[in-house]
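Take a look at the structure set out below.
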Amino acid sequence: MMQVIPVPAFTDNYIWLISNEERKHAAIVDPGDASPVIEELQRRDMQPAAILITHHHRDHVGGIEKLLQTYPDLPVYGPVNESIPYITQPLGEGQSVSIEQLGLSFSVMELPGHTAGHIVYYGEGSLFCGDTLFANGCGRVFDGTLQDLYHSLQRIAALPSDTLVYCTHEYTVDNIGFAKWVEPDNPALDQRLQECWDLLDAGRPTVPFELGREFETNPFLRTHIPEVIARAEEIAGRETQTPEDVFAVLRIWKDTEYD
């Protein structure tokens, strides 16, 4: 059975350690900083089995070099369409990763948008999605496109609703603030916000989260809902044509005016 351990890093990052019931080995997901990972592995007397990278941003790859200095010959998996030093196993759509020490395997999906070559890892009922989908939000567009990001989110939305989503930032409360601006009369947002504060007050992360919850509270997955459409049209000062158009209006406005 898979077990996942959060390793906080920087101000709001999570690095994920994927292990199993034996807890002797772990795969490391998006190690932006090596030091907290090494400390956690040593504290738990665990050995790393692999590094899994979703995209090239520094806060996701910055710890690879030091980890390899500490644990030589560690396989490093990452996106085939991004230039990332130390990648030994480039991966693209439809490929898979098998981690023998853990008895676990993950399929790879190419989900561009946040970056042009972003990939995610899906398996064991869980999705390690980097910066594509956040709780109640989604990633900004850097070197990808809004069109790509919209369609990537739709692919995630097609996964089973009980999928546990492991994103890599603690943005949930801030994202709910934006979602409440979009849908001020959505009662599910108040409930979600209280749940998040309860978790944070207890010193626990607000992720992972069930994908199905996002259909109730994430405006970027609710672009077909009349209230969300109306808000987007108010922002844009025009009629929107499609859910993708609604998505683009919301994402651009959040980037340029709200944040």
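Placement of Cβ uses the backbone N, Cα and C atoms for every residue, glycine included.
Those TrEMBL annotations? Automatic predictions, nothing curated.
Features reported for this protein in TrEMBL:
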BINDING   HIS55, HIS57, HIS114, ASP131  Zn(2+) 1 binding site
BINDING   ASP59, HIS60, ASP131, HIS169  Zn(2+) 2 binding site
DOMAIN    12-169  domain 'Metallo-beta-lactamase'
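On the structure: features taken from TrEMBL.
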| residue | record | DSSP (3 states) |
| --- | --- | --- |
| HIS55 | Zn(2+) 1 binding site | coil |
| HIS60 | Zn(2+) 2 binding site | helix |
| HIS114 | Zn(2+) 1 binding site | coil |
| ASP131 | Zn(2+) 1 binding site | coil |
| HIS169 | Zn(2+) 2 binding site | strand |
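Separation of the C-alpha atoms of HIS57 (Zn(2+) 1 binding site) and HIS169 (Zn(2+) 2 binding site): 13 Å, rounded to the nearest whole number. For the binding-site residues ASP59, ASP131, the greatest number of Cβ atoms within 10 Å around a candidate Cβ is found at ASP131. In terms of Cα spacing, the binding-site residues ASP59, HIS60, HIS169 all stay beyond 10 Å of HIS114 (Zn(2+) 1 binding site).
Sequence-distant neighbours of HIS55 (Zn(2+) 1 binding site) (same chain, 6+ residues apart, CB-CB distance under 8 A): PRO79, GLU82, HIS114, THR115, GLY117, HIS118, ILE119, GLY130, ASP131. Same-chain residues with CB within 8 A of the center of the HIS55, HIS57, HIS114, ASP131 CB atoms, the Zn(2+) 1 site residues themselves not counted, are THR54, HIS56, HIS60, THR115, HIS118, GLY130, THR132, GLY139, PHE142.
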